[in-house]
Amino acid sequence: MNDIKKKNTRLDRSFDKIRAREEAGLLKQSKMNRQLRKILNNRLAVGGFVIFSLILLASIFAPLICQYDPLAIDLKAVLQAPSADHILGTDRVGRDVFARIVYGGRISILVGLGSALGAALVGVSLGCYAGYKGGLIDGLFLRLSEIFMAFPQIILVLLLVSILGQSLINLIVIFIITGWGPMYRMTRARMLSLREEEYVQALKAFGLGTATITYKHILPNALGPVMVNITLSTAMFILQEAALSFLGLGVPLNIATWGNILNAAQELRILQESWWMWLPVGIVISLFVLSVNFIGDGLRDSTDPSQQG
């Protein structure tokens, strides 16, 4: 009998310690520490973050590392090969290619990241509310997302560009309109699984409102997949911007972007003889997209229990 009491006493003390750690926020902190250690142990994720940071910082501090204006035309220096004056050469109208790559990163990253965050804001907001409430609202947005996802996204983008016209803001808005569906469906599925948890039922019993339960208490438990989706969407939108600008349908040509740099190198003669007009920017786009994908994979492995081994 005494042994049973001792065991119960030890068990009670263990529960008291766990409860104390939970009230102090130490359990959540230790979970975050484990996730951070897992990301840091992922060499691809760390390498991706380093490459991402270098390209981002180079774009932000472009005036400090470039002596040329990306839009400045110099007809005396047309199609010059890489040299001490122009480390990555010049294009068909004498613009410095290195300056255009560094400054162009600002716009391309803005389009990719802004579109991904905008699509996440729309998709997560609708997915949380509709997934929790269900009913007619859920069915309406679900059918709407299926309609958008039924068509190839690039076709919808081209259609909307032809309707709304070419501009930086229009392109971001178009990417948000065509890209919110996957984020909505992912968030909705997460909400459907979490709304039946015991703590959610307890919150209902205490009389908390739908918005409070959904966005304050349930959403934080679904942020892991959301962050992963944002990183992968950023890479996708950057590639789409480059493809559209290469076709002359993306950001206006008077703005330096990675896609517009490729647009200026479409001629066969330039592709064969002036490699510096397309190869460096192609490498930068590939490295940036790979780095974002590596970061996304690292976040997924650290936040998704099914990926942890």
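All positions are counted from 1 along the displayed chain.
Glycine is treated like the rest: Cβ placed from N, Cα and C.
Unlike curated records, TrEMBL annotations are generated automatically.
Per TrEMBL, domain 'ABC transmembrane type-1' is recorded for 105-296.
For 44-65 (among others), the entry in TrEMBL reads transmembrane segment.
Residues or ranges marked as transmembrane segment by TrEMBL: 107-132 (among others).
Counting only same-chain residues 6+ beyond the ends of the transmembrane segment (144-163), those with a CB under 8 A from a CB of the stretch are 170-171, 174-175, 177-182, 184-185, 240, 243-244, 249-250. Positions annotated as transmembrane segment by TrEMBL: 144-163 (among others).
As annotated by TrEMBL, transmembrane segment applies to 169-187 (among others). Long-range Cβ contacts of the transmembrane segment (169-187) within its own chain (Cβ-Cβ under 8 Å, at least 6 residues beyond either end) map to 110-111, 114-116, 118-120, 122-124, 126-128, 130-131, 141-142, 145-146, 148-149, 153, 156-157, 160-161, 222, 225-226, 229, 233, 236-237, 240-241, 244, 250-251.
Among the features that TrEMBL reports, transmembrane segment is placed at 230-255 (among others).
Residues or ranges marked as transmembrane segment in TrEMBL: 275-296 (among others). Note on the transmembrane segment (275-296): residues 44-45, 47-52, 55, 79, 81-82, 88-89, 91-92, 97-98, 100-101, 104-105, 108-109, 228, 231-232, 234-235, 238-239, 242, 258, 261-262, 264-265 of its chain, located 6 or more positions outside it, place their CB under 8 angstroms from a CB of the stretch.
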Restricting to the same chain and to residues at least six past its boundaries, which positions have a Cβ under 8 Å from a Cβ of the transmembrane segment (107-132)?
55-56, 59, 138, 141-142, 168, 171-173, 175-176, 179-192, 195, 210-211, 213-215, 218-219, 222, 226, 229-231, 233-238, 241-242, 251, 255-259, 285, 288
